[in-house]
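Listed in TrEMBL:
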| type | residues | note |
| --- | --- | --- |
| BINDING | Gly61, Glu62, Ser63, Gly64, Ala65, Gly66, Lys67, Thr68 | ATP binding site |
| DOMAIN | 1-188 | domain 'Myosin motor' |
Amino acid sequence: SGIVLVAINPYEQLPIYEQDVIYAYSGQNMGDMDPHIFAVAEEAYKQMARDEKNQSIIVSGESGAGKTVSAKYAMRFFATVGGSSSETNIEAKVLASSPIMEAIGNAKTTRNDNSSRFGKYIQIGFDKRYHIIGANMRTYLLEKSRVVFQAEDERNYHIFYQLCASSSLPEFKDLGLSKCWHIPVPCW
């Protein structure tokens, strides 16, 4: 294991992730500035360029901790320092690459009404000049047990309730959803 950064989700936008902050961390050595997701991203980017070896950043935490947001900030950092930010909004494109999976794999937890129950493995490809040339995201289901059991105050996957609410529609007749046990469906 390498560097560990503990970040806290403030549940509001703060001016610590702006473009000027990216430029402030770009080219800096680890420890020269305050701990930040951009410092971790800079270290990985620098080691990739220096050693010409793949680097990994593991973003871990509980539901609602801000893992997806931290990953977006790291991708924005790479796009900016790699000269790709003006050409594309890489974090938006990568994270939008599996909206169907996200729609099926989100559920209500005690900490987050729309929590993704998928883990994500994001690979970002760089060319010889260290500019982003592509990205790929793989997803894997974290909680298969949620299908048959939910903790108190939690819910199954949102798609389950939506299918039950639509069970009387003619196009859903062949799905065998006629007995959804009168499950209340939330309005979002």
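Keep in mind that glycine also has a Cβ here, set from the backbone N, Cα and C atoms.
Other C-beta atoms found within 10 angstroms of the C-beta of Glu62 (ATP binding site) number 12, with every protein chain shown included.
Within its own chain, Gly64 (ATP binding site) has Asn9, Thr109, Arg111, Asn112, Ser115 as residues 6 or more apart in sequence whose C-beta sits under 8 angstroms from its own.
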